[in-house]
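Okay, so here's the structure we're looking at.
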Amino acid sequence: MDLSFVILVEVLYGVASLVLISAGLAVVFGMMKVINLAHGEFMMMGGYATITAVGLGVNVFVAMLVIAPLVVGLIGLIVERLVIRHLYGRLVDTMLATWGLSLVFIGLATMIFGNTTTGISTPIPGFAFGGYQVNGYNFFIIIVSIVLVIAMYAVLRGTRAGLIARGTMQRSDMAAALGYSPDRIYMMTFFCGSALSGLAGAVLAPLVGLVPTSGGAYIAKAFITVIAGGPSLIAGLVSSATSFGLVSQFFTFAISPVIGEVALLIAAVVLLRTMPQGITGRFFKGKL
Amino acid sequence: MSMNRRELLGGAAALSTAAMLPQAAMAADTIQLGSILDTSGIFDAYGKPMDQAMRLAVKEINDAGGLLGKQVEVAAYDTQSDMALYSQYAQQLTRQDKVDVVHGGILSASREAIRQTMRKTKTLYFYNVQYEGGVCDRNIFVTGVTPAQQVEVLVPYAMKKSGPKVHILAADYNYGQITARWIQKFVEENGGEVVATDFFPLDVADFGSTITKIQQTAPDLVFAPLVGGAHLSFFRQWSAAGMKDKIPLASTTMGVGNEHKVLTPEEGNGIMVAYNYSQELDTPANIAFKAKWQAEYGDTTAIHELAVSTYQGIMLWAAGVRKAGSIERDAVVDALETGISIEGPAGKVTIDPQTHHATVDVHIMEFEGQGMTVIETLPQRAPIDTQAVCDLQANPGDNTQYEIEI
């Protein structure tokens, strides 16, 4: 009983962390069709923003949930104005440009923070459940990702801004004809996507040792999750994160963490072979 | 003017001899020490202090009048954490600079990339890094500790403090695999039992499920030879889950690159390790070494095990040259094979003639307030792992890295 609860928490945590890692990319790649290979570096910068802010005496939750998304969002804004806006609609070119950006960010972070591992400790203590110790921070990550998904849904579905953004992504010429500036809407959407990446990096920072090259660890998982999710933004994100989280955690517990990672990749291959349009290309069609 | 072939050749020979003369004279004036380290890129946390230690050692030798009345000159190359550059610079050092000795290499991969070049060109080579053991080559001297030297002393200590059931978490490459086997061997020899062994690729950073699994196997002790930044997450998540005060941890790698300064005291305190060096080592030799470092670089926080190994490696080489009275490779090797020893910052270091590895003092330590507190010192531990497979006295032509069977 205790064990099944602990495993349930771990599985939920696995799903939640996939949602977090992929949310920013889902907006930037899924909505805007920009292949952002610097996504991992946006997360890395979120982590550094948190650690720097905490070092300056800011409350750790404020640093993670407010400062890091803002900082990374602003960096994303600058990047969008300087580079990305010239490349909308040119899928392969965005790939090359953002790959270059990722190298630049790694270089800059190395210059500023040095090439050593840094980190902060988790702000929430672990607790005992039956005979087991559970990492209290896992619950925080689960809650953050649930709130995140609900917030994204609410904004895209419920607000006028969300409606305009979705409309612009589908037919920017029509949006322009209706008097909205696609240029500004793209800019704001990229800002939101970057901020989400920053948030993910910040929230995961206390669990890892951060180095300037940390982003590389997330990028593959993020792309797999978003691509396997398919055309629907939120339904796709949640459904693919759930499937992959379940598969990888199942094999992790049954065999080993290495096999868990392998199982995730195999699941992705099988999934994309049977459903080339992604999960939401077949199920939950037309959902957001 | 007519000139026959003999005159022409004679003249040319005389000219070229004349041209070579100043160079030959110059080469005789100084001794050339080649250094090849990653002082930039992802391994610079290891390489930079090693480079500083190398320069400190050379400066000290020169200030004391040099070797055999000659000054030692450094030819240093930065390999930028790129394995391809190792072979390139090794060629440069041995064929163009024609150095008398090379110190360097950090990862085992980098050592293997340059070892054969050193051997072929008959350039004496020192590898001053903790590694997995087993290299058997008359041209190389290894001054870092090998797994058995650490594990042999750390296992009994850690088991005595905790209990007989051990869970091993190791990095998934040759170092981790070999070290895990040594841990298993010594755990069993000490009457314990390994309940589980898990291996992790170097980029695994999520240990949540592992921590749950460890609670299922319920060991008395967790042994964690994990490597690199991603694996540091384990120590952080372990502490976050509140496990730190329930099951003690021991490691053979944690702290080699000063990782313990990254963990907060709450996360690190109590982790048991065994190394040749700790900054907290309270010996006159170490205090003097730290003072010299302070005078040269202004800050001693960067000193780590690998830097001290480098310093000791150069001092051993210098002792060998003095004893041989020559800079010729074979003479120096013979001198080092007499079982020469020096007093380094980490204690006495002796060359083991059979393996060309080092017999060193090993200190059992525990992390405390981001430092390593020395609990117990075990003097002069021989490299028994490499000794089991390598005998350069009986077989001087050997040129292999043995996989040590346990």
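Including glycine, each Cβ sits where the backbone N, Cα and C put it.
Annotated features in TrEMBL:
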TRANSMEM  A:7-31  transmembrane segment
TRANSMEM  A:51-79  transmembrane segment
TRANSMEM  A:91-114  transmembrane segment
TRANSMEM  A:134-156  transmembrane segment
TRANSMEM  A:185-211  transmembrane segment
TRANSMEM  A:217-238  transmembrane segment
TRANSMEM  A:250-272  transmembrane segment
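Listed as Cβ neighbours of the transmembrane segment (A:7-31) (distance under 8 Å, sequence separation of 6 or more from its ends, same chain) are residues 39, 42-43, 134, 138-139, 141-142, 144-146, 148-149, 152, 165-166, 169, 189-190, 192-200, 203-204, 218, 221-223, 225-226, 229, 231, 233-234, 236-238, 240-242, 244-246, 248-250, 252-253. As a quick check, the transmembrane segment (A:217-238) and the transmembrane segment (A:51-79) miss the bar of 3 or more Cβ pairs under 8 A, pairs 6 or more apart, so the two do not touch. Residues 33-42, 44-45, 48, 79, 83-84, 212-213, 215 of the same chain lie 6+ residues outside the transmembrane segment (A:91-114) yet bring a C-beta within less than 8 angstroms of a C-beta in it.
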